[in-house]
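Before we start, here is the structure in question, set down as structure tokens.
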Amino acid sequence: MSFEMAYQTLVNAAILGVIYSLVALGYVIVYRASRVFNFLQAQFMYFGALLFTTLWSGNGLAQFLLALLLGIVVVGIGSWAIYVLIVQRTAAQPHWIQMLLTMFLGLACVNIAQLIWAPTPRSIRLPMDDLSWRLPGGAVLTRTDFLIFVVGAVLSAVLYWLLTVSPLGVRLRATAENPTLAAYSGMRLGFWIGMAWALAAVAAVVAGVSFGLRVPVDTSITHIGLMAFPAAMIGGMDSIKGCFLGAMVLALVQQFATVTMDAQAGVAVGFAAVLIVLVVRPRGFFGAPIVDRV
């Protein structure tokens, strides 16, 4: 592999890693708040991207941002409602039941989306001409990829601040660490955990639209959402900063394996990397000691 190809692969991995990190952050947010592996995250990517294609007609940056905002609001409210109205009712059940419930709800979301929009792939394009720049070293970076990276990094930083510094983050940590004490203090556990689910959906919608800027939107986008779950496991399911590291590690391994072998090998090598990390460090790089098992 030439230096230029390796450099280009590194740039591509950084873009994919940002998308992975947004979805992985959603997995971590929900797990920290409710101890549930929320496999709806991948379907929220798909649903949010399809909803965006309906709301945006392709005219102007203002409409692009408005369509993205409306998509975030709709899917965020839907995610909050799914937890409060459905998942919360299984709170006393083992966590594996809640995990299976999110899987079944995810299948339902995909089928509903296909009934509404049909399975035909849909394209998303920026409301401006796409340019490309040749970076020092020979790698090419397009305006689309640059914006994906910047928006993903900024949103990740905002969510990190919300979850670690803001009053919302304090409430979410309180419900996660000692729900009984939080309930006695007057906190509405269902509402605040539902807010965590809504924040996870926000990250998923932005990730879905970002990925849709690179490839047509169809059911394959859910595979990207599911691939972000191993990224969260590498970093630690309860670690916000760990999901960023896990996403970048997974993207690097996959991209270099894809370039040197093929796409299927990239997926296989990515999962192999996850297994190696979990064998050496079962809770991930930054995860807290494991108490409950699924």
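Using N, Cα and C of the backbone, Cβ positions are placed for all residues, glycine too.
Sequence annotations record features per position, and here TrEMBL assigns transmembrane segment to 6-30, 37-58, 64-87, 99-118, 146-168, 189-211, 231-253, 265-284.
Help me picture these features in the structure, burial and contacts included.
If you look at the transmembrane segment (64-87), the same-chain residues 6 or more away from its ends with a CB under 8 A from one of its CBs are 34, 36, 40, 44, 47-48, 51-52, 55-56, 98, 101-102, 105, 126-127, 190-191, 193-195, 197-202, 204-206, 209.
Within the chain, the transmembrane segment (146-168) has long-range Cβ neighbours (under 8 A, six or more residues past its boundaries) at 14-15, 18-19, 21-22, 25, 29, 32, 126, 133, 195, 199, 202-203, 206-207, 210, 213-214, 240-241, 244.
Long-range contacts of the transmembrane segment (189-211) within the same chain: residues 18-19, 22-23, 25-27, 29-30, 32-34, 38, 41-42, 44-49, 51-52, 68, 71-72, 75-84, 87-88, 124, 148, 151-152, 155-156, 159, 162-163, 168, 171-172, 175, 179, 182-183, 217, 221, 224-225, 228, each at least 6 residues beyond the stretch ends and with a Cβ under 8 Å from a Cβ of the stretch.
For the transmembrane segment (231-253), same-chain residues at least 6 beyond its ends with a Cβ under 8 Å from one of its own Cβ atoms are 10, 13-14, 16-18, 20-21, 23-25, 27-29, 31-32, 37, 156, 159-160, 163-164, 266, 269-270, 273-274, 277-278, 283-288.
With a threshold of 8 Å between CB atoms, the same-chain residues lying at least 6 positions outside the transmembrane segment (265-284) that come near it are 227, 230, 232-237, 239, 242, 246, 249-250, 253-255, 257-258, 290.
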